[in-house]
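Since the structure comes first, as structure tokens, the remarks are kept for the end.
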């Protein structure tokens, strides 16, 4: 009975996407602390902090990358600088460019900032010059020369009455400019590497500078001297002053002296007392294994956690940090607890799975050692640390809260998500493969075991304990129950049957193999080999209902195999390149496949037919997974996009049915109107149905009635303009057919008689329709002309006819009758 009620899927529609919105470069937060502005190639994206959604995307027309941007302190004006040496001013809320002008710099602009009044804009160029612009009066006010190399930092003094500008270039000095005289007042020398950021105290008397030379310097701006040099033992990218009027005693701030936060290569936020040069607080990060290589080298180079920006949100007492992996994290002060995390760029997405009791989350493996868990409702993300090299594959247990991962670091990990808080922790870990672990799968009935396939050509079965730990504090160490040399090349895919008794493996050696898992403690037993693919096998899956399995290959085909005799039952061909993933949907009656051509295809197994092709990716689609309810699908691609699709089959069928019912009702109503001779309503209804043939029937009915010509004229003239436009379009079609040309000509005659040429030409496409009427009208005139000639000849013959043998008197009568 269930089978008879089964409905095949016909289409999926995109319900949400997780796209890259930040690929490096500047990040700025609006004054009202509601939006984050960040660069992404040719665009500046505006992220709403509350929802995590991109609300505006400001894109350059010239498709040139944006080198820098600045948002005015009143949140009104956004100015962008591109490689085309153009400055553009935007009304960012409408995503409209209000003005653009040449930057005058000979090379791209590297840095820019607004003054506190939002009227002056300073731009620092790669040519060592600084230019100031009055954005209200729209002219260049200053051209400051003297810096050597790229001016990568420009900042106005917070007290605008002083009219001072600070800048730093490749020469490592901080230049202090007087904007009244356009002169450099002094060069503050302390750093031996480029200065990365400046932070001013609220009274404007002091300033803290940071650099990659592992020191921060506190400056007295009145005497223009260094008051204190603080060694911080890491390359600092950003420095932020702690608010002076808040209580930060819980993090060790005991005095009212200057305290500042540093963010840099170690990826840890630290609070420093400027007067004593002591670190009073250091943030503790989530547990992660030490980086490969020496500890110092791991911190300095290539650590994905290293911070590139730190931005204050003073009103809400929060802090935003940007990591080297383009993740944006929001912390609440003074506790330094992470509130929100946004992933700016996923790089190449290698796998994705639905997670959680109601499939509310997705877990994503990107080209990184971290896993990312997204909440689909808010796009907020949790980053999971554990693996030390790229995570390659994922799988989720039936209940949805426990999942497994494997990576290039030769290990497998088991993770648990707390269903209430959403927190995720690693609860088990196993490591005995000799090479990268490329595929992993879970037991289907109970949370009892995990199977992994590796590039060392082996398959391992890992038994899970009966009670799995709840937290990462007592992590369980997994040991492999079975190790089997399964293939001659990399094992690309493994899958467990729905009853947990069988295992299938697919390999680069072009074979898929079926194994018996047997009772706990038993070895794997090879049951059969599936041969037929011409290239490596990328994915294997058991059907949830029938005794068949499906495999996909780099030869572009998908094959369905019998578990009884290992024969190939069906072959599905349609992808132009490797088929990377496949899943069964609709209770095993349909297949979804994804390929390196960026396409996702829906197949009906019974008919071998490709029902639908979904095209939303530009690169290889590595990830493909369906929810337990079978109503949504998630795809993930090497183009860094993750797309969630919703099954819209029932919605589309309901719409189609409603449309058909509406058509039937309207046709019945039309028939009633014609019967009641309500021609105007009938004509309007026929036009609304957009059925030219039905409209023609109404026109014929009007012309065949009493006083047809007058009735037609009266009806046509009462139509609305859009209806007359449709009539003109229909007439151009009717006029091509001799059967309907007279009706078309009758309507055109009414229009040409009562409408002026100016009115007609205002109609959409009127010129084209009228031009289309001319040749056919000429052809109809020629045909009528020939018909008239033929009828005249018939008349002539009639005049000359004489009935043979008729008396002359009869001929005269006939002649006179002919004259009449």
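Backbone N, Cα and C atoms are what each Cβ position is placed from, and that goes for glycine too.
No curator has checked TrEMBL annotations; they are predicted automatically.
Feature list (source: TrEMBL):
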REPEAT    102-135  repeat 'WD'
REPEAT    144-187  repeat 'WD'
REPEAT    188-229  repeat 'WD'
REPEAT    384-415  repeat 'WD'
REPEAT    430-464  repeat 'WD'
REPEAT    484-517  repeat 'WD'
REPEAT    530-571  repeat 'WD'
REPEAT    572-613  repeat 'WD'
REPEAT    614-645  repeat 'WD'
DOMAIN    667-801  domain 'U3 small nucleolar RNA-associated protein 13 C-terminal'
*Count the Cβ pairs between the repeat 'WD' (144-187) and the repeat 'WD' (102-135) that lie under 8 angstroms and are 6 or more residues apart in sequence, then report whether there are at least 3.*
yes
*Would you report the average pLDDT that the model assigns to the repeat 'WD' (430-464)?*
93
*What counts of helix, strand and coil residues does DSSP assign across the repeat 'WD' (188-229)?*
0 helix, 24 strand, 18 coil
*Tally of DSSP helical, extended and coil residues in the repeat 'WD' (484-517)*: 0 helix, 19 strand, 15 coil
_From the DSSP assignment alone, can you count helix, strand and coil residues within the repeat 'WD' (144-187)?_
3 helix, 20 strand, 21 coil
